[in-house]
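One structure is given here, and the rest of the page talks about it.
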Amino acid sequence: MPSHSSFLLMALLYFIILFTISSSSAQGPPSPGYYPSSKLNSISFDQGFGNLWGPQHQKVDQDSISIWLDNSSGSGFKSLRPYRSGYFGAAIKLQPGYTAGVITSFYLSNNEDHPGNHDEIDIEFLGTTPDKPYTLQTNVYVRGSGDGNIIGREMKFHLWFDPTQDYHNYAILWNPSEIIFLVDDVPIRRYPRKSDATFPLRPMSAYGSIWDASSWATEEGKYKADYHYQPFIGRYKNFKISGCTVEDSASCRPPSVSPSSSSGLSRQQCTAMEWVQRNQLVYNYCQDPKRDHTQTPEC
Ligand SMILES: *[C@@H]1O[C@H](CO)[C@@H](O)[C@H](O)[C@H]1NC(C)=O
């Protein structure tokens with residue numbers, strides 16, 4: 001019976017594909033061969049940051065800080081200084097269990113200086129229901145992200161590990177020619193400066209926060225924060241900031257994240273990034289058919 005045997009063949013193929021997908025993402029990306037986070041000294045929380053909001057929902061413990069969200073408040077912190085460029089990293093451990101609606105973040109922004117048309121570079125962990133993985137959302141806003149004209153440049157990933165079990169290193173490199181997002185020293189996304197209109201150029205500060213974004217964070221707002229599970233805690237340590245502040249001389253250069261001192265990534269780093277984008281990418285704004293791509297010429 002041809003239809004019966006082709007059904008069996010299809011079923012077999014299906015299981016082979018499933019097996020290949022699950023086994024390849026279980027092993028993690030190939031080694032990037034270079035570990036920029038190990039080249040930079042950590043600073044204590046107090047050396048680099050201070051409270052921004054919700055100070056009663058923060059616990060600073062030597063090198064680490066915990067911030068939490070409950071039904072009365074979230075919390076946020078901010079770097080003591082603004083930067084023109086730099087490497088900004090932290091080891092972060094996320095709340096397990098039910099975390100829908102909750103966002104734990106580490107990001108750069110100048111929204112306090114330029115309300116309504118600010119720049120931003122985001123690492124945001126979108127909370128989830130216990131049966132599903134966290135989503136790591138990376139985003140870049142250029143001169144405007146509020147006041148009706150919201151042009152986000154989201155790329156979302158699932159991680160190749162459980163981010164609630166251990167601390168992992170997350171970092172943003174922002175230099176005059178590109179932005180690189182790194183997870184445990186693996187570059188996951190590269191956003192080059194294709195034009196001045198599509199690249200953040202004004203000074204930004206570094207921030208961390210935990211807050212209720214129930215309206216959109218989890219499956220477009222389908223699952224909301226549930227304060228039966230409070231407090232929701234974000235844990236941060238091993239802060240690394242190596243950059244150029246607005247007071248530094250014009251010759252200041254941020255560190256390189258690649259083995260060559262010039263910008264760019266090594267062949268091995270590119271291979272690791274390609275693996276992440278092939279296996280872990282779950283959303284890419286450039287490939288969203290619902291979006292108006294005249295607003296994002298870099299795509
Ligand atoms: C917030 O949570 C606390 C602790 O569970 C509870 O006692 C309090 O009533 C809650 N407040 C509101 C406004 O829901």
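A Cβ is built for glycine as well, from the same backbone N, Cα and C atoms used for every other residue.
In TrEMBL this protein carries:
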type     : residues : note
SIGNAL   : 1-26     : signal peptide
DOMAIN   : 24-236   : domain 'GH16'
ACT_SITE : Glu120   : active site, nucleophile
ACT_SITE : Glu124   : active site, proton donor
Give the three-state DSSP assignment (helix, strand or coil) for Glu120 (active site, nucleophile).
-> strand
Including all protein chains displayed, how many Cβ atoms other than that of Glu124 (active site, proton donor) lie within 10 Å of its Cβ?
-> 19
Using all protein chains in view, find how many other C-beta atoms are within 10 Å of the C-beta of the residue listed as 'active site, nucleophile'.
-> 19
Across the domain 'GH16' (24-236), what is the average pLDDT of the model, as a whole number?
-> 94
